[in-house]
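Trainee: The structure is given below, and queries will be raised subsequently.
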Amino acid sequence: MSKNIYPVPTHIKNTALVDNDKYNKMYKHSIDDPQSFWAEHGKRLDWFTPYSKVKNTTFDKGHINIKWYEDGYLNASYNCIDRHLKTKANKVALIWEGDNPSQSEHITYQKLHDEVAKFANGLKKLGVQKGDRVAIYMPMSPQAIYAMQGCARIGAIHSVIFGGFSPSAIADRIKDSGAKVVITSDEGRRAGNCVPLKANVDEAVLQESVTSIEHVIVHQLTGGDVDWHDHDIWWHDLVADEEPVCEPEVMNAEDPLFILYTSGSTGQPKGVVHTTGGYLVYASMTHEYIFDVKEDDVFWCSADVGWITGHSYIAYGPLVNGCTQVVFEGVPTYPTAGRMGEVVDKHGVTILYTAPTAIRALMAKGDEPVASSHRNSLRILGSVGEPINPEAWNWYYEQIGKSNCPIVDTWWQTETGGIMITPLPGATDLKPGSATRPFFGIAPAIFDAEGNTLEGEADGNLVILDSWPSQARTIYGDHERFEQTYFSTYPGVYFCGDGCRRDEDGYYWITGRVDDVLNISGHRLGTAEIESALVAHPAVAEAAVVGYPHDIKGQGIYVYITPNEGITVSDELTKEIRNWVRKELSPIASPDMIQWSPGLPKTRSGKIMRRILRKIAANEHEQLGDTSTLADPSVVDELIENRLNR
């Protein structure tokens, strides 16, 4: 735990939206009287029919029900675009920065409106209606935003699938959502390489078990060769004759806006459902207050729209607030490690929101990341995706921000819809590695394993005591799983699945997942999902997957495999297994270390003792603890002897 404290800088405090006194006052109001607090802040949106009901929620066992602004009517796309046209039609909404540094495009709010309206009309022409699900598998192009906003405009529910996922992962998500349309590009571009997006979609939708797809819309990005099928249609042909006018569908606040799949510990991805009203209130409010957003700011969130960060802090929050933002197709180290700083200078970025993984990757490059840029425009820095270690925090603060920019280290989840625990730039003294204090309306607590509340300085499991507007409403098609996953461990509260420590100043420190979900470079992957892919390989009898500390990615993937009888283990087989997982799941899921073993440590009831595997993977085998329940303790000796992470 870092002992250093960084006070709020005077130059930030003097102009900030919220200072410490205002934070304390607003926070108290939000907890003491959430009804009046959120009634007031719901007015930040434009409503076709104003709400009279604000909060109607219960976490009671068997009756989990979450509703906010339930009698209000609005449209997400209208709030992101149309309401700005009277005063900001010519303001830049999106600055698209290509993978190739020579490519960029400025898109005004008027142009955004016109492109979204034309695409929305195209969707309607294909028979897409309110409530239909639409899958989106695209690179970080303006068209990805047009697609999301186009769906929202007509009331279709989008399900964005990260462009790094494999055909089988795409197919699983399409089958679960029942999507009738997929939107993709011919290819994506990443670090100078082409990514076969259309080919992956083809492989997914041509599976016999995928029966719901009626159309595949293809945006031509690279001009690369693609196979063509009867259900395919080019984006440019779809919108060619469409007018740039499309009346926004009137949506109830509780109508679903999107489904976003996230890894579950059981192996089957969970379709997290977010609705329209409360989600937009919270996404836009957190964006404004946490990043201290002003009219002339240029915001850059470096996430992908395939993840929740790209939904809340690219596709929705900043646009609701009428902000100018960078949409980045590339990676921060291509073509050189100086790229991130160069993009900041090129577009005058004032607020940068990125992940510890990117920061650690840049740290490893010495002076190169900062040598080619001055970054004088930066005012606020942010971190997202996983806890940031103090070393990376200090480097980010000193090197990227020149010791002049507060860092908002934000903790939240796909299921929370928006940032939950975070500093506010003008209100919070910073401690490197701490997410600090809860945002307005968030009531965190720390429980021990038995569900007792821990007061004061404490270390345990993080829970949230009451609902907030952007909370996920359910898991698509499986409300029972929603209740089981988030509300059964500690009945009556929301269980985050994260360990947490609270220090003597009341600051919160997130210590990582307590379930079988890994956090790889800020991407959540279920160990069960990876294990399922591994045991599908004919050479694998049994597999166990654990995380271990990784200098760049935060967590690495360590795999223990027992081969089938008669299988000869070799470097070639190890390489084949690694590529197998890449193909079955995603390159992100590719194992960092693969240890072959004649057996795995199991209890007498046959349960694999993952605690022991985690200790060995982390090279902490001296701290194994009690092994008395093992069926065969000699297995552990063999695993320690042949461990890979020394």
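Glycine is treated like the rest: Cβ placed from N, Cα and C.
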Trainee: Please state which member of ASP429, ASP498, ASP503 Swiss-Prot lists alongside GLY385, GLU386, PRO387, ASP409, THR410, TRP411, TRP412, GLN413, THR414, ARG513, ARG524 for binding ATP.
Mentor: ASP498
Trainee: What does DSSP call ARG582 (CoA binding site) in the simple three-state scheme?
Mentor: helix
Trainee: Taking Cα atoms as reference points, rank the binding-site residues GLY192, ASN193, THR410 by distance from VAL535 (Mg(2+) binding site) and give the first.
Mentor: ASN193
Trainee: At a 10 A cut-off on CB-CB distances, which of the binding-site residues ASN193, THR410 has the highest count?
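Mentor: In terms of Cβ crowding, the pick is THR410.
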Trainee: Specify the secondary structure state of VAL540 (Mg(2+) binding site) as given by DSSP, simplified to three classes.
Mentor: strand
Trainee: Could you round the CA separation between ALA191 (CoA binding site) and HIS537 (Mg(2+) binding site) to a whole angstrom and send it over?
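Mentor: A Cα-Cα distance of 30 Å.
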Trainee: Between TRP412 (ATP binding site) and VAL540 (Mg(2+) binding site), find the distance joining the two CA atoms and give it rounded to the nearest Å.
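Mentor: TRP412 (ATP binding site) to VAL540 (Mg(2+) binding site), Cα-Cα distance: 36 Å.
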Trainee: How far is it from THR414 (ATP binding site) to ARG582 (CoA binding site), counting Cα to Cα, in Å?
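Mentor: Cα to Cα, THR414 (ATP binding site) and ARG582 (CoA binding site) are separated by 23 Å.
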Trainee: Compile a sequence-ordered list of residues in the same chain as ARG190 (CoA binding site), six or more apart from it, whose Cβ lies below 8 A from its Cβ; state 'none' when nothing qualifies.
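Mentor: Once residues fewer than 6 apart are set aside, ARG190 (CoA binding site) is near ASP99, PRO139, GLU329, GLY330, VAL331.
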Trainee: Roughly how many Å separate the Cα of ARG582 (CoA binding site) from that of PRO387 (ATP binding site), to the nearest whole number?
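Mentor: The separation of the Cα atoms works out to 25 Å.
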